[in-house]
Amino acid sequence: MTQHDNDPAWPDHKPTALLVLADGTVLEGFGLGAEGHAVGEVCFNTAMTGYEEILTDPSYAGQLITFTFPHIGNVGTNEEDIETVNMAATPGARGVILRTAITDPSNYRATKHLDAWLKARGIIGLSGIDTRALTALIRSKGMPNAVIAHARNGEFDLHGLKEEAREWPGLEGMDLVPMVTSGQRFTWDETPWLWDKGFGQQDKTEFNVVAIDYGIKRNILRLLAGVGCKVTVVPATTSAEDILAMKPDGVFLSNGPGDPAATGKYAVPVIRDVIKSGTPTFGICLGHQMLGLAVGAKTKKMHQGHHGANHPVKDETTGKVEITSMNHGFAVDEKTLPKGATQTHISLFDGSNCGIQLDGKPVFSVQYHPEASPGPRDSHYLFQRFAELMRQKKSA
């Protein structure tokens with residue numbers, strides 16, 4: 001699928017990187033980032049900006065990201081746009097697939113070239129393939145398992161790579177949260193970015209919030225802090241007893257990678273106990289899916305997933321449409337939602353479930369990412385909604 005004959009933009013030598021799909025298809029290109037190989041599920045992301053935030057989102061653990069936008073790397077990288085909280089954990093995405101070579105950065109905030117940044121984080125990259133054709137393949141056949149490999153000398157064990165891609169079990173049934181969750185409890189007090197000041201620092205708090213870290217993003221924590229939450233982040237395996245002993249005004253269920261049904265084996269009982277306590281609860285992404293499991297619904301693997309910063313979502317309670325940022329390959333099966341759990345939001349792309357509210361309880365969640373980073377800010381109000389639920393509970 002490489003078509004670089006007579007193209008001066010590409011070097012005239014043998015490929016230095018491969019993408020080997022589980023069905024035996026081999027895509028040849030040119031390597032960037034770290035050398036080596038990695039196995040994962042190939043998805044595509046349609047965002048035109050925010051590649052650093054995407055590549056450091058822990059929800060992408062176990063995945064190889066195909067960027068549909070052709071110009072990736074043109075604003076460089078910096079330390080402020082990283083979304084990973086646990087820097088000792090997996091870097092998020094296992095590989096990156098691009099149409100064109102990375103250009104030199106041109107942005108006043110850039111501190112490092114994307115290629116050097118990928119090398120430093122151990123992320124393998126591949127450029128020079130027809131990403132439109134790869135995206136079309138994913139849309140028609142679903143997200144394939146694959147191995148991405150980079151060797152500067154262009155020498156590969158093709159048989160071994162094909163076998164590894166074929167034998168990898170895939171994300172279904174896989175609990176990846178232990179790879180990304182924080183190993184210990186910590187507090188967070190950084191607030192959202194202001195154009196002329198940068199990130200702020202909390203000076204006062206109104207609520208005590210416990211955030212369960214299934215792979216939480218920094219901008220979620222900033223927005224919680226921005227609405228007056230003193231946020232204590234706890235590891236994913238923290239018990240309900242320990243959480244409730246902290247006397248939280250609210251509990252937050254974070255985003256994260258992998259199959260919610262697998263993570264739910266230890267997370268769902270905790271969530272059920274939190275709900276029973278009457279504590280206001282807000283979930284995002286994986287947290288939303290596990291809230292669904294906690295009330296008796298089921299989750300399902302999606303055909304191509306939702307990955308991008310331009311996904312329209314309808315709020316069925318108001319009729320309002322929000323443009324949202326999404327990153328998920330599993331979804332709550334709306335047909336299995338029990339009585340007492342109301343569907344509040346749906347995707348206008350495919351009608352899949354994007355929100356739940358528990359009737360008569362201060363508990364709600366959304367499938368998409370209201371914190372964006374990257375993406376639009378249409379849904380920032382949900383953090384205010386969470387704060388209002390806690391305020392009402394405290395004054396009752």
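For all residues, glycine too, the Cβ spot is worked out from N, Cα and C.
Swiss-Prot has this to say about the protein:
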- C285: active site, nucleophile (ACT_SITE)
- S59, G256, G258, L286, Q289, N327, G329, F330: L-glutamine binding site (BINDING)
- 208-396: domain 'Glutamine amidotransferase type-1' (DOMAIN)
- 1-204: region 'CPSase' (REGION)
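Surrounding the centroid of the Cβ atoms of S59, G256, G258, L286, Q289, N327, G329, F330, where the record places L-glutamine, the chain contributes additional residues within 8 Å, namely N255, P257, D259, P260, C285, H328. Neighbour count (other Cβ atoms within 10 Å of the Cβ, all protein chains): 32 for Q289 (L-glutamine binding site). A simple way to gauge crowding: the CB of F330 (L-glutamine binding site) has 20 other CB atoms within 10 angstroms, across all the protein chains here. Pairwise Cα distances among S59, G256, G258, L286, Q289, N327, G329, F330, which the record gives as the binders of L-glutamine, peak at 13 Å.
Around the Cβ of N327 (L-glutamine binding site), a 10 Å sphere holds 27 further Cβ atoms from the protein chains shown. The most crowded of the binding-site residues listed here (G256, G329) is G256, judged by how many other CB atoms sit within 10 Å of its own CB. Within 10 Å of the C-beta of L286 (L-glutamine binding site) we count 31 further C-beta atoms, all protein chains included.
Counting only same-chain residues at least 6 apart in sequence, those with a Cβ under 8 Å from the Cβ of C285 (active site, nucleophile) are S59, S254, N255, G256, N327, H328, Q367, Y368, H369.
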